[in-house]
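J.: Handing you this structure, nothing more for now.
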Amino acid sequence: MPRGDSEQVRYCARFSYLWLKFSLVIYSTVFWLIGGLVLSVGIYAEVERQKYKTLESAFLAPAIILILLGVVMFIVSFIGVLASLRDNLCLLQAFMYILGICLIIELIGGVVALIFRNQTIDFLNDNIRRGIENYYDDLDFKNIMDFVQKEFKCCGGEDYRDWSKNQYHDCRAPGPLACGVPYTCCFRNTTEVVNTMCGYKTIDKERLSVQNVIYVRGCTNAVLMWFTDNYTIMAGVLLGILLPQFLGVLLTFLYITRVEDIITEHSVTDGLLGPGTKAGVEAAGTGCCMCYPI
């Protein structure tokens, strides 16, 4: 090969290496910062929650979920940053495999949830009922439930009768809340003052007799129907979750391939090693500590 062509090939190889390195560093750094932000928000929310803590269930503590998500994102992304800066093949492979495993688990989870749709709905309804039992004791769940009921015009998990699980709304309770639902279940007229007693004495009534006073459909079905009707938003959410992970796996795979090629080319073209030691260097290039000098 003429010298000019050889130099051009080396330049193109070097350019692709630098482009992939830059892309992977930016990718990892962005998600590292996002992970740190999520972790910080989760810690702050948990500190605030501890002031009023009465429950132990992680389902009822979004702060715990944020902390776990933030820790995973922070650690995995830091591995990606370190691996891409140091060209550490072991860390690069670990980063790629972790992203790939997370992506596969999410895909399998989504498929299983669709196949066992009824069981998934029952699982959600059971968890909502457990949250309703402690509605007035856990501020996190109360805020989430109130928001969902107002925005999606629904009441309870399966239906409005789920509120009988709460000790204050149970029809056998002695207080004024007995047999009622929270005011966030009520039909609202924005021009009128909010009537917090609008849902009283409704749980023991038939659906037809209260459907003009409160929302009778459950929030689980209401949210699922909303996503079904707004499938473009649902598709966007799924792409927003899955596409970055797929992009990370692809970038890391291409970068690993390029680093391995450059390690081999560097060893051969420099003529520093004999035939007997070349294989050993190639084997070391796929190990945990071989870095290409920059």
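Yeah, the Cβs are placed from backbone N, Cα and C, and that goes for glycine too.
Pasting the feature list from Swiss-Prot:
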- Cys154-Cys219: disulfide bond (DISULFID)
- Cys155-Cys185: disulfide bond (DISULFID)
- Cys171-Cys179: disulfide bond (DISULFID)
- Cys186-Cys198: disulfide bond (DISULFID)
- Asn118: N-linked glycosylation site (CARBOHYD)
- Asn189: N-linked glycosylation site (CARBOHYD)
- Asn230: N-linked glycosylation site (CARBOHYD)
- 1-23: topological domain 'Cytoplasmic' (TOPO_DOM)
- 45-62: topological domain 'Extracellular' (TOPO_DOM)
- 84-93: topological domain 'Cytoplasmic' (TOPO_DOM)
- 115-235: topological domain 'Extracellular' (TOPO_DOM)
- 257-294: topological domain 'Cytoplasmic' (TOPO_DOM)
- 24-44: transmembrane segment (TRANSMEM)
- 63-83: transmembrane segment (TRANSMEM)
- 94-114: transmembrane segment (TRANSMEM)
- 236-256: transmembrane segment (TRANSMEM)
J.: Going by DSSP, is Cys219 (disulfide bond) sitting in a helix, a strand, or coil?
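T.: Helix, per DSSP.
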J.: Could you tell me how many residues in the topological domain 'Extracellular' (115-235) are helical, how many are strand and how many are coil under DSSP?
T.: 61 helix, 4 strand, 56 coil
J.: Who are the chain neighbours of the transmembrane segment (236-256) in space, where the CB to CB distance is under 8 Å and they lie at least 6 residues beyond its ends?
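T.: Distant Cβ neighbours of the transmembrane segment (236-256) are 20-21, 23-24, 27-28, 31, 80, 84, 89, 92-93, 95-96, 99-100, 102-103, 106-107, 110.
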J.: Express the distance between the Cα positions of Cys198 (disulfide bond) and Cys185 (disulfide bond) as a whole number of Å.
T.: 9
J.: With every protein chain in view, how many other Cβ atoms are within 10 Å of the Cβ of Cys154 (disulfide bond)?
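T.: Summing over all protein chains shown, Cys154 (disulfide bond) has 25 other Cβ atoms within 10 Å.
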J.: Of Asn118, Cys171, Cys185, Cys186, which recorded positions come within 10 Å of Cys154 (disulfide bond), going by C-alpha to C-alpha distance?
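T.: Hits: Cys185, Cys186.
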J.: Within the topological domain 'Cytoplasmic' (257-294), what mean pLDDT does the predicted structure show?
T.: 57
J.: In whole Å, how far does the CA atom of Cys179 (disulfide bond) lie from that of Asn118 (N-linked glycosylation site)?
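T.: So the Cα of Asn118 (N-linked glycosylation site) lies 28 Å away from that of Cys179 (disulfide bond).
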J.: At the Cα level, what's the spacing in Å between Cys186 (disulfide bond) and Cys155 (disulfide bond), rounded?
T.: 8
J.: Just give the helix, strand and coil counts over the topological domain 'Cytoplasmic' (84-93), going by DSSP.
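T.: The counts are 8 helix, 0 strand, 2 coil.
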J.: Consider the recorded positions Asn118, Cys171, Cys219 and say which one has the Cα lying nearest the Cα of Cys155 (disulfide bond).
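T.: Nearest in space to Cys155 (disulfide bond), counting only the recorded positions, is Cys219.
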